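What follows is a set of notes on a single structure, which appears directly below.
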Amino acid sequence: MPPNAKSETDAKPEAEPAPASEPAADLESVDQKLEETHHSKFREVDRQEQEVLAEKAAEAASQRIAQVESTTRSATTEAQESTTTAVPVIKKIEHVGEVVTEVIAERTGLPTWGVVAIIILVFLVVFGIIFFCVRRFLKKRRTKDGKGKKGVDMKSVQLLGSAYKEKVQPDMEELTENAEEGDEEDKQSEQKLGRLNFKLEYDFNSNSLAVTVIQAEELPALDMGGTSDPYVKVYLLPDKKKKFETKVHRKTLSPVFNETFTFKSLPYADAMNKTLVFAIFDFDRFSKHDQIGEVKVPLCTIDLAQTIEEWRDLVSVEGEGGQEKLGDICFSLRYVPTAGKLTVVILEAKNLKKMDVGGLSDPYVKIAIMQNGKRLKKKKTSIKKCTLNPYYNESFSFEVPFEQIQKICLVVTVVDYDRIGTSEPIGRCILGCMGTGTELRHWSDMLASPRRPIAQWHTLKDPEETDEILKNMK
């Protein structure tokens, strides 16, 4: 054989594997096509699901929009109906008002604006009367409730727990306990005024009653510092002509007085018809003295044949505790020892007793320097017409040597001026050697602070009582 033929035969078996690679490629292409079809099917399913969800969302949104539109339509229709119903009513009221005003204007002859103004004033007056009546009724009701049962007291409120609910709404058991204990606490509060120790000795030979104010204790604190400046007034009821005062004890709630006062010319038969009064006051230089309490001892209830010494609780009083309301006066004192000059400045008076028929007075003030029952010097202020609270601010000077200042008395008298008849004294204050209580304290403060004016309020005393004191100076 030729060599070329041999090569052809050899080359044929080498070219036979080519058909085997063709079916593998076909398989790969088939797999790719299958995958693509699967992916396309999944994509179509996803698209269909998304389209379904979108359609459902669109339907829900359309339903919500329809509901909102229906509610808005109903609201607008209701508003339109209300406005349509309210407008005619308002128009009717306005029409009636115009007709009424025109009728009133025609009958009275006033302009329409005048009629409208009168109607408004009438409505305001009626409304004010109704408001005043309601407020007065509520005020009376509050006062009645305050005087009635006390369900919860301040102590129980303070003892409540830290929980806010307990503070706002306490338990019913606590309320009932407080209601039951209300009377006992009222009694305890009445006993917080303190008590007084005194001694009584009656002398049948001289027909005199010696009263000793020994001490007091557990007095209430009336000053800002938690203390008081107590003093005691002693007098007999019903005449009240003779009154005595103890010294003022500064900043104490348990003062010790140990002062004795004697009521002379008091027969035993007359003493049985009288009541001995101990009135305790808190001294205040610049305002009216506050009464702490009092002790009343009817002499017919005790045995005057023996010496009596006892403690008694103070009782609260309304008003002045038997003291006449003559008024108060404020004046200042200044003494210069080197020059022997006493200056009295009458500042003002207040709440004076009504002396005239019209319920007023024409007050002026007389100032007198007295020694041994004799009047050495006198001066007086101007007259203030028709007033119970006169203001003077008038200064007066007296020459009083230092050797004589301890022997004189300064008598300040408020007098009601009368053009026709005699002028009547309203009340009086006595300072100096015969002064007692607050008057003596004022005089002592003046001497202790030379060259400096000392101002103080004083309660006016009965002129008849002070006349007896001045007579005893002789």
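Note that Cβ sites are derived from N, Cα and C of the backbone, with glycine treated the same way.
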Swiss-Prot Ca(2+) 2 site partner of Leu222, Asp223, Asp282, Asp284, selected from Asp270, Asp290: Asp290
Among Asp356, Asp416 [binding-site residues], residue with fewest other Cβ within 10 Å: Asp356
Euclidean distance between Cα atoms of Asp290 (Ca(2+) 2 binding site) and Asp416 (Ca(2+) 4 binding site), Å: 27
Env. residues of Ca(2+) 2 site, Cβ within 8 Å of mean position of Leu222, Asp223, Asp282, Asp284, Asp290 Cβ: Ser228, Asp229, Phe281, Phe283, His289, Ile292
Rounded inter-Cα distance in Å - Asp356 (Ca(2+) 4 binding site), Asp290 (Ca(2+) 2 binding site): 28
Of Leu222, Asp223, Asp282, Asp284, Asp362, Asp418, i.e. the binding-site residues, those within 10 Å of Asp229 (Ca(2+) 1 binding site) when Cα atoms are compared: Leu222, Asp223, Asp282, Asp284
Count of other CB atoms lying within 10 Å of the CB belonging to Asp282 (Ca(2+) 2 binding site): 19
